[in-house]
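Reading through the structure tokens given below for one structure.
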Amino acid sequence: MASRIADFGRYTHAIVRGIPASLAKEALRSCPSEVDVVQARREHEKYQEILRTTFGLEVVELPADESLPDCVFVEDAAVVCGDTALITRPGAESRRGETKAMKEALEALNMNVVEMTDENATLDGGDVLFTGQEFFVGLSKRTNQRGAEILADVFKDYAVSTVPVQQGLHLKSFCSMGGPGLILVGSSEPAQKALKIMQQMSDHRYDKLVVPDDLAANCIYVNLPDKGHMLLHSTAEMFPESLKVLEQLKDYTLIAASNKEKTKVDGALTCCSVLINKKANISRFITPCTMWTR
Amino acid sequence: MTTESGADSEAKQPQDNKETEKKKTKAAADSTPLPEQLPAAVGHSTPAKKEQEHQEEDQTSHRSSISHLSKSPLRGVKKPKIMQCKVTLLDGSDYTLDVEKRTKGQLLFDKICDSLNLLEKDYFGITYKDVENQKNWLDPSKELKKQVKTGPWNFAFNVKFYPPDPSQLAEDITRYYLCLQLRDDVVSGRLPCSFATHTVLGSYTVQSELGDYDPEELGSDYISELRFAPNQTKELEEKVVELHKTYKGMTPAEAEMHFLENAKKLSMYGVDLHHAKDSEGVEIMLGVCASGLLIYRDRLRINRFAWPKILKISYKRNNFYIKIRPGEFEQFESTIGFKLPNHRAAKRLWKVCVEHHTFFRLVSPEAPPKKLLSLGSKFRYSGRTQAQTRRASSQIIRPAPFFERSASKRYTMSRSLDGAPIMENHETLMKDSATDGAAKVFAKGDIITTVTTEEKKGEEEKSEQEDSKMDQETPDAAAVRGLRHDTKDTEPPVEVVKHQTNISELKRSFLETDSGAAGLTEWEKRLSSSPAHSPRADEAPMIEPLDLQDNKDEQPAEDETEKPVEPKATEATGYLVKYVVDSVVTEGATSSGPRGISPSTTVDDDVFTDGTLREVEGKTPDSEGLMVRVSPGAVRQEVTQAIIDKKGTLIILKEEKVDTGDKEISLTGEKEVFALPRAVDAEKFDLVLSSKDKDTGKEDVFAFESHMTLIKTVGPKTDMKADDLTQIKSTDSPKKAMASWISEETKAGASEFICTTTCEIKETKTSDGPQQKENLFNLEGLAQFKQLKTHLTQNAVFDSSSSSLEVSTLGWVSSPGKTSADSEQKAAETSVTEATPEKDLDVSDAASKEMPVVHTETKTITYESAEVDTNGDVDPGVLLSAQTITSETTSTTTTTHITKTVKGGISETRIEKRIVITGDTEIDHDEALAQAIKEAKEQHPDMSVTKVVVHKETEITPEEGED
């Protein structure tokens, strides 16, 4: 586990995708809103810049596709763990086309690509929380049991537990990993309930950090060999109270990224990239570990 | 086939043929005195009665089955039925041996382990296929023939309990066998892994079996001879080779360690799956593992019940039920039922659960339910628990045994499985341990010849003598003897295990020592010289008698009467409470553990269940982690308690932890409050103490640091004093912490005390009278023994918050007493009951008796958690309800008070349980205490034990003088 934890948050590549103009009008959203595409693109630029320069990742940018208004949210199209990538079957029919480009990109990166072909299965990557030790898959409007089963079959090494998502779009709409063994979670009741379920299902021990705003719990944790814990979070402007909580994380470098426009179409920070560790492969297996607690 | 004599011996004592062998030549002729002849060390768990029974049984069966044969001049001799057992070992080879039909599973198991040179054998077991071709675990305590009902006697040697952390195994050879099991698990698909994991595991397998990559020596296609995965592809093999090349210089043991480090992380590692259907008929799988019960639908985990969450497991027909403790928002416990394919499957699952729970969650095995009182299966896991086996393994000091890693035959494509290589293999295994040919022959398990018997006999006798010598000389021997005494007729499985230990000890000593050196190996010597580590003590309940008096066996009736002579010296051994606090939370002794009385245990449990997700608010994960785990590297928390005296009383006070908020992890559990009623002040100190007086001075003493409050209350007019509270710092084991307290109070003027206290009683429970009847009858025949009185205490919070609660008196001839609290917020109430030694038939008479005629000695020890303090009694709260429930068994009376109060918006349920054990030598108080605590824990798993008071009263017989 030490190795898993040591590797947790280590990435070499990121896959992102441009924002089509159609996002403004056609992208799915849970509540009506006006999206300023120009502003959204500006935010996205900034986001990519952080991945590239601050995190030092090799960023692969897929071109936007006007016929796929939600295509910027690449996370939903693939679940990557180790050297294996599962191409999903997104729950929203309008988004199924997004996986094609994603698949090609992952193959180009020499990943071991597996496709979810079962027509009864749906899975959005946003419903998949990988803790480093196991998977939690939110059963939501977008993800069903069969989708979770296929994921479990692809990532055989790990326990895959299902968690009902009662509110919000995805499981990760209210939680994310804030570090090895640290779950960031929103304070809403559904979020807390989901956390309880995860807690019950898990053989592992996690810390949790509760932030007042559910969406603020969606952060990107990166562990850089030279800089240590880095956390990409929403800006103080959006969630001032939650930021105060995050600031309690010691030894963390907090990096704010504005995500205002994208959140109008339910886009959180993790949604906009697929992070890959090309070096990971099997290296996680090699170091003997010491932290297994049971 | 064995020779006549060897077989003969087995017939007589199927579970212990070695033992008998030794006796056989001579003893067969005069078999009647045989039991008496058994050295103490051997007989410690097997009373003479038992052996005679065996003989009688044998004779009976003999008569009916082969009555036409002329009777042998030797009594009990008959023609044994010899069966050939074929055991498939982990490397795929077969081990065959002949055993008598009535042989118990343990013997077979021991023989195999010996042939494998395996000391850490508790993780392993033997399986057989039943009529439905389902794999079942052989019950070591049962005869083979009762388990394998049909077909040839084919078995398999397997890993039964997968150690969650294989690096903690003591020996490479154990890891090797675990690796072999896991390889089979992987190849068979039982342990699913990803492609990447297959390559990694495969590469370590290759390295451990074949050594460094060397194309010249290995040949180009060496890899395809081995199996790594259910569907092995060329690509996989290539990747394996690729990795294999990078391991130059890695030893087989290192490679196996790496293998295990990777394998243990797999989510299905050590998960025993059972097909079932849920209540809606949906196909699911139930997985039993170290941490609990997992529910799968396909490969998805859809639920998980950690052991502490489970209150009860049961089966009925083809249904399997788990009773779940109420969740945070639920009020009632719920029972979940699963449909198994058939009754056998349900029972099999139930057994596996019982075993896993015991092995991984308990400190020591539970005693099986007593015959009379139990309805269901008496099956219990009787082997060592993981805690025990780890302790035992830590004592292994033999040089790492040499063993050959046979090419795992079952995976090779070219199967050339003739017997020859297998034999070779076994001989190799034996080489370093066996020094003579006879041993080798024996180890193969082929034959037990008369020749070897002679020789063995000599050896065994020596070792037995040594054993018994130790019994007399070392204090722990007394403990052992005490146990023997206690368990005499109540714990058959324990007997079996002990027996077995003994057998293998003997055997091993035979195999391992030079022909000149008799007796035990270093390891066994170590084991048997320390109560904590002795194999017998390990298997025994953690409540270990510390009594050093040797007369227990011979003169059970007298041991107590002797004690009072030198109360300070001997009585001090009365209670020993040990806490081994350590920390890996998930493994700790737990609420369900029978001895989970310590507050630390409670904390442990909470962490496990509620704190799986630790709160980090305002803290870094690291610091939080440190706070929660006392010592992260340590392994477990154990609570042991020893009480020797034959009479005792206990109370368990439970207090519900009301979840007031987010902070579910209270660290208060690290504090314990120790109250010794009748002294005055509460002093706080960091305590490192240990027991002991006497010659025991040894390994039982560990240091335990914690804040403790010693509270002594003053009984208004008592002469009791607490003395003999010793504190010793031990350096024995830096990792383990243990504290032992021994307190002793002697009381000379019982009557005075009683008079004073009686008036304090608010209510006397009349219901107690009738309940005591049985006790009286029990005691009747034992009038000369001390009568037990009992009493209990109560803590002040409880007191003040609901003073209306009655203090019930618990004796027939009793006057309860209550001593007032001292300056602190705590009071301990003590009631003392008195008994007349001679006669107690008339309940009402006795109950009304207020004047004690007998001097008694009382001891009260209170254990309570610091939480009591934190709750304080600032706000007494509003009493919502109070309820009293009484139940009884032959020797115990349990009175349960449940009170509900509301304090500052928080409702609090307090359960006070008092158990009166009226006893004499026939009653195992230790067990009763353990049982009581366990039951309390089980009944109210969501509550924590905040206080345990052990009060015991012993009569001082006139001839012994008073004090």
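Just so it is clear, glycine is given a Cβ too, placed from its N, Cα and C backbone atoms.
Curation does not apply to TrEMBL; its annotations are automatic.
Taken straight from TrEMBL:
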type	residues	note
BINDING	A:L28, A:D70, A:E75, A:D76, A:R95, A:R142, A:V265	substrate binding site
ACT_SITE	A:H170	active site, proton donor
ACT_SITE	A:C271	active site, nucleophile
Identify, in sequence order, the residues in the chain of A:H170 (active site, proton donor) that are 6 or more apart from it along the sequence and have a CB within less than 8 Å of its CB; answer 'none' if there are none.
A:D76, A:D124, A:G126, A:D127, A:G138, A:S140, A:R142, A:T143
Quick one: pull the CA-CA distance for A:C271 (active site, nucleophile) versus A:D70 (substrate binding site), whole Å only.
10
In the same chain, which residues outside the set A:L28, A:D70, A:E75, A:D76, A:R95, A:R142, A:V265 have their CB within 8 A of the centroid of the CB atoms that define the substrate site?
A:A27, A:F73, A:P90, A:A92, A:E98, A:D124, A:G126, A:L169, A:D266, A:G267, A:C271
Given the substrate binding site residues A:L28, A:D70, A:E75, A:D76, A:R95, A:R142, A:V265 in the record, what is the largest Cα to Cα distance, rounded to whole Å?
15
Count of other CB atoms lying within 10 Å of the CB belonging to A:C271 (active site, nucleophile):
26
Show which residues of the chain containing A:V265 (substrate binding site), separated from it by at least 6 in sequence, have their CB under 8 Å from its CB.
A:L23, A:A27, A:L28, A:R29, A:S33, A:V35, A:D70
Spatial neighbours of A:R95 (substrate binding site) that are distant in sequence (at least 6 apart) but have CB under 8 A:
A:L28, A:L68, A:D70, A:C71, A:D76, A:A77
Close in space, distant in sequence - A:E75 (substrate binding site), Cβ under 8 Å, 6 or more apart
A:G125, A:G126, A:K172, A:T270, A:C271, A:C272, A:S273, A:V274
So if I draw a 10 Å sphere around the Cβ of A:D70 (substrate binding site), how many other Cβ atoms end up inside it?
28
Give the residue from the binding-site residues A:L28, A:D76, A:R142 that has the most other Cβ atoms within 10 Å of its Cβ, counting over every protein chain displayed.
A:D76
State the three-class DSSP label for A:R95 (substrate binding site), counting H, G and I as helix, E and B as strand, and everything else as coil.
helix
